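Asks: Before I ask anything, here is the structure I am working with.
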Amino acid sequence: MASHLVFLALFAMACSCAIASDPGLLQDFCVADKASQVQVNGFACKVAKDVTAEDFYFSGLDKVGNTSSSKQGSAVTAVNVAQIPGLNTMGISMVRIDYAPNGMNPPHTHPRATEILTVIEGSLFVGFVTSNPNNTLITKSLNKGDVFVFPKGLVHFQFNNGTGNAVALAGLSSQNPGVITIANTVFGSKPFIADNILAKAFQVNKPTVDMMQAQF
C-alpha cells in the first residue's frame, strides 16, 4: 500500500509539472496555423513545408507607442503568438511599453505568465501585491538599465515618475500571457456586475459604483 501511495504522489507531481506552463515542443517548432479549424490548447501546427522565415519575424519595436490615445498615458506594443506564429508552443513573448510623463500601466495581472521588465529609457515606479491574506505591496523605483520581476498572476503596475518619457521592454513566460486590467474588468464588464454586489465588495454606496462604471 505504501508503495502505491508513493507512486500516486510522484504521478501527481509529474502531472502538475506537465500542465504548469504552455504546451511543450515535441518537434523543432509548431508554427501557429491560424486558419485551422482544429480546436487545441494553443494553435494547430502549420504544415512544415509551408513554414517561412516570416513566421518567426516581427518588425516595429523601434516605433514609439502613441501614449496620447490612452487615458492612462501609456501604450503597449505586444509581440506574442498573434504577431509571431512561430511562438506557438515556445512559452515566451515580449512587449514594449511607452509611458508619457505621469503615465502608467495600471494595476493588472497576466494569468499565464511571469514578467521580467527592463527600463530602456527614463524611470519607473513599479510594484506588485501578494495574494491573500497578506496583500503585501512590494515596490521599487527603477532607472535606465534596471530590471524587475512580476510573479505570475499577481496584480502589478508601472508608473512613470520621471519628467520625461519612459520606455520599457518586458519578457513574459507564455506565448499568450493574457492581461486582466483590474479597473476595466471590475467596473467595465459586459454586462456590468450588479452595483449592489460591487457596493458590498468595496464597502461603498451604489452611486459611487455607478460613477465608476460610467468611466468604462
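Cβ atoms are placed via backbone N, Cα and C, with glycine included.
Straight out of TrEMBL:
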type: SIGNAL; residues: 1-20; note: signal peptide
type: DISULFID; residues: C30-C45; note: disulfide bond
type: DOMAIN; residues: 59-210; note: domain 'Cupin type-1'
type: BINDING; residues: N105, H110, E115; note: oxalate binding site
type: BINDING; residues: H108, H110, E115, H156; note: Mn(2+) binding site
Asks: Would you identify which of the disulfide-bonded residues C30, C45 has the most other C-beta atoms lying within 10 angstroms of its C-beta?
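Replies: Of C30, C45, the one with the most crowded Cβ is C30.
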Asks: Could you check the binding-site residues H108, H156 and say which one's CB has the fewest neighbouring CB atoms inside 10 Å?
Replies: H108
Asks: From the Cα of N105 (oxalate binding site) across to the Cα of C30 (disulfide bond), what is the distance in angstrom?
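Replies: Computed Cα spacing between C30 (disulfide bond) and N105 (oxalate binding site) is 32 Å.
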Asks: Would you mind checking how many other C-beta atoms are within 10 angstroms of the C-beta on H110 (oxalate binding site)?
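Replies: Result for H110 (oxalate binding site): 23 other Cβ atoms within 10 Å.
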Asks: Tell me which residues of the chain lie with their Cβ under 8 angstroms from that of E115 (oxalate binding site), as long as they are six or more apart in sequence?
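Replies: Same-chain residues close to E115 (oxalate binding site) (Cβ under 8 Å, separated by 6 or more) are V149, F150, H156, A170, G171, L172, S173, P177.
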Asks: Using C-alpha atoms, which one of the binding-site residues N105, H108, H110 comes nearest to C45 (disulfide bond)?
Replies: H110
Asks: Cβ within 8 Å of the oxalate site's Cβ centroid: which residues qualify beyond N105, H110, E115?
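Replies: Result: V95, H108, T109, A113, L117, F150, H156, A170, L172, P177, V179.
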Asks: Run through the Cβ atoms and count how many others sit within 10 Å of the one on N105 (oxalate binding site).
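Replies: So the number of other Cβ atoms within 10 Å of N105 (oxalate binding site) is 27.
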Asks: Could you name the residues, excluding H108, H110, E115, H156, of the same chain that surround the Mn(2+) site, i.e. Cβ within 8 Å of the Cβ centre of those residues, in sequence order?
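Replies: These residues sit around the Mn(2+) site: T109, A113, F128, F150, L154, V155, P177, V179.
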